[in-house]
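*Asks:* Submitted below is the structure of interest, expressed as structure tokens.
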Amino acid sequence: MPRALWTAWVWAXIILSTEGASDQASSLSCDSTGVCDGHSRSLNSIPSGLTAGVKSLDLSNNEITYVGNRDLQRCVNLKTLRLGANEIHTVEEDSFFHLRNLEYLDLSYNRLSNLSSSWFRSLYVLKFLNLLGNLYKTLGETSLFSHLPNLXTLKVGNSNSFTEIHEKDFTGLTFLEELEISAQNLQIYVPKSLKSIQNISHLILHLKQPVLLVDILVDIVSSLDCLELRDTNLHTFHFSEASISEMSTSVKKLIFRNVQFTDESFVEVVKLFNYVSGILEVEFDDCTHDGIGDFRALSLDRIRHLGNVETLTIRKLHIPQFFLFHDLSSIYPLTGKVKRVTIENSKVFLVPCLLSQHLKSLEYLDLSENLMSEETLKNSACKDAWPFLQTLVLRQNRLKSLEKTGELLLTLENLNSLDISKNNFLSMPETCQWPGKMKQLNLSSTRIHSLTQCLPQTLEILDVSNNNLDSFSLILPQLKELYISRNKLKTLPDASFLPVLSVMRISRNIINTFSKEQLDSFQQLKTLEAGGNNFICSCDFLSFTQGQQALGRVLVDWPDDYRCDSPSHVRGQRVQDARLSLSECHRAAVVSAACCALFLVLLLTGVLCHRFHGLWYMKMMWAWLQAKRKPRKAPRRDICYDAFVSYSERDSYWVENLMVQELEQFNPPFKLCLHKRDFIPGKWIIDNIIDSIEKSHKTIFVLSENFVXSEWCKYELDFSHFRLFDENNDAAILILLEPIDKKAIPQRFCKLRKIMNTKTYLEWPVDETQQEGFWLNLRAAIRS
């Protein structure tokens, strides 16, 4: 029994493990190009069943703890492997041995406490390696990256345990585009550890304290293009002039990101600018200045300039003691060579006039997202301020008057580009004054609802996007580029107002159409962006847009951003794909064709009615309907005649002199109804015929060639035909006065023809000896 239980337990474990592996494999989603996504799937191991078809594998943000030698051995074509944000603590020696095509490897933020060079010995084409955020203290006992000749991006270190950098650590690396070292607790830096790298385009250093910063600078200053310092407290930073003064430098850019300064350490950094002569650009991003700006007692006055720095960028500068801050007059002399300054989102409300006057080389000034107003701008743009300034950006400040803003900037004689977007101007005056060389103006997101002659006529580029404009009727003879998206325009501007326009972006308005003629009127237009509008996909619009093969070269957002809004059955479709029916596009032609078809149908109907006696059928139908209103069969008391006689006028002699004499003078006499004698004068002939036939017991037809051609006889025969058809009786008596071909009786009298074919009729004998028998038979037929 225990053995049976043991066997069952083993099989259960095998089944569960198989199901688990199957579940993990199924948790990957792979596309046809070999890109497999398995991130954030709660995987605790690398899925089995991976093949050579996998080219990119993302297993980040899972719970994987172990990478074995066989886990990836079939992925011989793998180029990208992401294993970041797992719990990996062990990677076997040959885990990546078969990945000879691997170019991107991310092992960041795991639990690796030891690194092995054997992991990378076959990764000759590896270009990107991220080892950040693990638990190792050093980069291994041997040179870790000596087998990676093509490595371009390397990220190493962590924020806690990584404390040592040794000379062997980066041996074998010659050129790096980016090197990131996270070493907040760095305690040991062996000189020349980074010296072996001949060129580094961008070095990112995470250092909590600046103790070893100068030592690192000594090693890299001749091989580095850009140094970025992150998360560092520079309160105790001291720059040693002797350490770098005699060395050639290649550093062109310094970036300080989330760095804390004091007045003292800031002066030390300024000294660095002087001695590292190659620095052209300095950037401070999200930094904090823990001081009051009192640099006079710190020998800053002995520094005459900022070295060769031409570009200064400051973003999100925090000054906790802002209200105690000095006037910065001590740094004015340092700014003479600076050409480009950006101070963004730093609560700047004023640039002192003296500082503006010292910025004699300044060509570009960006004061976006600050607190500048017309009152403070007046002081900043004082006489002789920024004499060579060409571009001024005052985006998202507190400017309110467009007229006053333009007037205050008249002192800037060389200004040609002005960005005052995202200020609340609301309206535009009729006239304004601007610097004489103004060529570019940005008024986007300023809530203006109309444009006036306030705009300078010298403009070549105008941006009025994201406002409340519903029309554009300004004459700007030199304008080359117009940006007017996200407004309320219903049509394209008049080309005669903009004779040299080459670029127009007018997307997301309420334009519903434009024509070939409109586009052709812009003779120099090369770029048009008009997507995101509510286009009415009319036949003309579709014919124009779908028939112009070269349209895609002008419409930069064609075809995806051009969608139909109407008609409803094509709403949401791309204009390029929309199709309308023939009736929608050629309505006049369709109506004309329909009218012609209707005329032909009527003509054909008329011909057929004439050919097949359709008019007769309609007349008889009307007569029959009238007859249907009356009793189906008249009561006996309404029968006034023994017989109604239908005959041709040309046969009247035989009827009136022979038949009437024989029947009405017979004893007992027969009462006959003759149209000449008994029809009621003034009554409609059809009614006379109907009444006479209905009041007669029988109807006698005296058939002859004359009868067939008689119009009167036709009416009598017509209604009699309907009576025979409707009542199905034998009230008709046919007398053949002379031999007549049955074919002479019209085809439409099918019932009468049938009677002649199936029943006997009386034939008037030419032989007088047989005439007495004829009358005898006729009287018998009438009585029947």
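Numbers here mean position along the shown chain, with the first residue as 1.
Just so it is clear, glycine is given a Cβ too, placed from its N, Cα and C backbone atoms.
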*Asks:* Quick check on the annotations: Swiss-Prot lists motif 'ATG16L1-binding motif' for one of 239-256, 275-292, 761-778. Which range is it?
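*Replies:* Here Swiss-Prot associates motif 'ATG16L1-binding motif' with the stretch 761-778.
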*Asks:* Given a Cβ distance threshold of under 8 angstroms, which distant residues of the chain, six or more beyond its ends, lie next to the repeat 'LRR 17' (458-478)?
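*Replies:* Here the qualifying positions are 417, 421, 434, 436-452, 484-490, 493-494, 497-500, 505.
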*Asks:* Compare the Cα of CYS30 (disulfide bond) against each of the disulfide-bonded residues CYS382, CYS432, CYS454 and report the nearest.
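*Replies:* The answer is CYS454.
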*Asks:* I need the CA-to-CA distance for CYS382 (disulfide bond) versus CYS454 (disulfide bond), whole Å please.
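*Replies:* Taking the Cα atoms only, CYS382 (disulfide bond) lies 23 Å from CYS454 (disulfide bond).
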*Asks:* By DSSP assignment, list the helix, strand and coil residue numbers for the repeat 'LRR 17' (458-478), in that order.
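*Replies:* Going through the repeat 'LRR 17' (458-478) residue by residue, I get 0 helix, 3 strand, 18 coil.
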*Asks:* So if I measure Cβ to Cβ from CYS432 (disulfide bond) and keep only same-chain residues at least 6 apart in sequence, which ones fall under 8 Å?
*Replies:* LEU402, GLU403, GLY406, GLU407, CYS454, LEU455, PRO456
*Asks:* Let's see if you can do this one: DSSP helix, strand and coil counts over the repeat 'LRR 1' (54-77), in that order.
*Replies:* 0 helix, 5 strand, 19 coil
*Asks:* Given a separation of at least six residues and a C-beta threshold under 8 Å, show me what packs close to CYS353 (disulfide bond) in the same chain.
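*Replies:* When sequence neighbours closer than 6 are ignored, CYS353 (disulfide bond) has ASN379, SER380, CYS382, ALA385 within Cβ distance under 8 Å.
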